[in-house]
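Here is what TrEMBL says about this protein:
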REPEAT    27-108  repeat 'Solcar'
TRANSMEM  88-109  transmembrane segment
REPEAT    118-205  repeat 'Solcar'
TRANSMEM  121-141  transmembrane segment
TRANSMEM  177-197  transmembrane segment
REPEAT    213-277  repeat 'Solcar'
TRANSMEM  217-236  transmembrane segment
């Protein structure tokens, strides 16, 4: 019978937990890896054009529709997939790392017993752990992607492609230049707490109130959890993208998250954090 817990404090000795988790997650992590690869590729094909409009449209265009029509008119449909090469590989890896680490942290909090039911709070804590873990992979991928996406015409292009972009970042800043915006990425993904915490709430209510299959519950609860995440995380994403795409100079316009946050609020007010949403 499942046991509801509110805290992971009453668990076995840490070394025993880790051993149990390792033994029980090998197969689950493999499935998580396959799911992550599939998720990453699907997200790229379907979602990248929307992401291009979101990243490109903040300052140059009046809104997402204007950005879309002008981009198609001047650059053609292929422009919607600008910067797609980094996430083609990166998102598959990122989603695999996220799902695999989420499973690991959940089982760690369960004391190695997958039958223990975590409360939404502790599921959210596992989500934060997964967000922190994947941020170190995501930061360079998202920075290169975003820098390529904001290149609007051939005359103003700084980078010929993802390799050239990475090379210039390393040349100007050292290897750590690839992780510019890491703090903003960590802040953005700390909201995974809302994603996976709310997922548990939605899933629990669906099991109680509907006759849906477990697969359907996972699908709908996951989608609702993702929407909950974006309601809270979108302002962080706006700030993150501005920090990642600012000029690669010694004294950038936004040296900190706070300075960028203040700029967005002074320029557009609260609605500026949800522009192109």
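Including glycine, each Cβ sits where the backbone N, Cα and C put it.
For the repeat 'Solcar' (213-277), the predicted model reports an average pLDDT of 90. Helix, strand and coil counts under DSSP for the repeat 'Solcar' (213-277) come to 49 helix, 0 strand, 16 coil.
Taken residue by residue, the repeat 'Solcar' (118-205) breaks down under DSSP into 72 helix, 1 strand, 15 coil.
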